[in-house]
Amino acid sequence: MADFKSLGLSKWLTESLRAMKITQPTAIQKACIPKILEGRDCIGGAKTGSGKTIAFAGPMLTKWSEDPSGMFGVVLTPTRELAMQIAEQFTALGSSMNIRVSVIVGGESIVQQALDLQRKPHFIIATPGRLAHHIMSSGDDTVGGLMRAKYLVLDEADILLTSTFADHLATCISALPPKDKRQTLLFTATITDQVKSLQNAPVQKGKPPLFAYQVESVDNVAIPSTLKIEYILVPEHVKEAYLYQLLTCEEYENKTAIIFVNRTMTAEILRRTLKQLEVRVASLHSQMPQQERTNSLHRFRANAARILIATDVASRGLDIPTVELVVNYDIPSDPDVFIHRSGRTARAGRIGDAISFVTQRDVSRIQAIEDRINKKMTETNKVHDTAVIRKALTKVTKAKRESLMAMQKENFGERKRQQKKKQNDGKSLRS
């Protein structure tokens, strides 16, 4: 049976992994680590929770330890929380070697980040927008070292290769060595057409061919076999009452859960409503200052909060192994988003539940999801109409009303409205 040493990782790194109680490589690690160490570009696709981070961090750290220079590798990822999580893993793995890791994301001090970059960290973990800002506005003493980077990693590559990130990604890549002078590693849980098209790109002169690997899941279902998928038919106007009843029913009253919503406004309403109802709750969405986002995650990981209300900021890659329940409070329009959300539970062989709240408007979305995952959802009987009306409706309605009044008083969402107005004004001036 293969171990990390036989895959080619440095002895010091295998000892670090052992100290973290990671002794057996996963399928994607077995496949990708030797190929990356050979110098090949790599596209790695695997289910969530399969160990993709170590698949690229392991060989990068091994090569760095042979030639420990500054700005050795750049990892780009779509969200701040993912960047911080990846940085934590790099730091933990390289702790015995005095590794310097810099996190460059929005919501943090630009000045402090510029100072960090001037110190030439060994690895930069960044979101494209903030790194692009430094490249465009900082001097050569800050970002000039990027031109010597040996590795570029796109984590959650299917998201980074969309039009949303196109301009910032292009700016980041422009500051790095050309393709034939660096290794490019793409990792994702969803192999999209854009990712596949890169497999057919011509091989760079003097470089070995690209290595592409995708773990096939049982029956081509992109979700863990230990995940139970259910739905509840819910009237739109009383969703909050159904949620409260579900979270406080006998089966789930002591379990950790992530509640996924489509809008920041919904996340904030639910957080405040559940807090009024004395549920230990935290939230994670783009309208929160970065420090609050970080604190929310820490509270949830430490079980100070039992429930995390989140937009899709939390659906990608975040490793919170103890999540026992995922609730799709709002159904996503993209079936792959459902897969990523549901992948926050039933990780590493554990059992988990994913329950979707289905209103009359969601039927076509549920059918699309079932087609994508090749599995039918079953209706759960954990919450009944009569139970909701009898136990929850009155107090939940009161708590929601008080939450909405408080949000109105605080002008929640005003910053976002002003930003949108500025963008629209700018478009008007250009047209």
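A Cβ is built for glycine as well, from the same backbone N, Cα and C atoms used for every other residue.
The Cβ neighbour count for Ser50 (ATP binding site), using a 10 Å radius over every protein chain in view, is 23. The secondary structure of Ser50 (ATP binding site), as reduced to three states from DSSP, is coil rather than helix or strand. Summarising the annotation, Swiss-Prot assigns ATP binding site to Ala46, Lys47, Thr48, Gly49, Ser50, Gly51, Lys52, Thr53.
Here Swiss-Prot flags 411-431 as compositional bias 'Basic and acidic residues'.
Feature annotation from Swiss-Prot assigns domain 'Helicase ATP-binding' to 33-209.
The feature domain 'Helicase C-terminal' is assigned by Swiss-Prot to 242-389, with sequence analysis given as support. In the domain 'Helicase C-terminal' (242-389), helix, strand and coil residues by DSSP number 61 helix, 25 strand, 62 coil.
The region 'Disordered' annotation in Swiss-Prot covers 404-431.
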Problem - Other CB atoms within 10 A, centred on Ala46 (ATP binding site) - result: 24
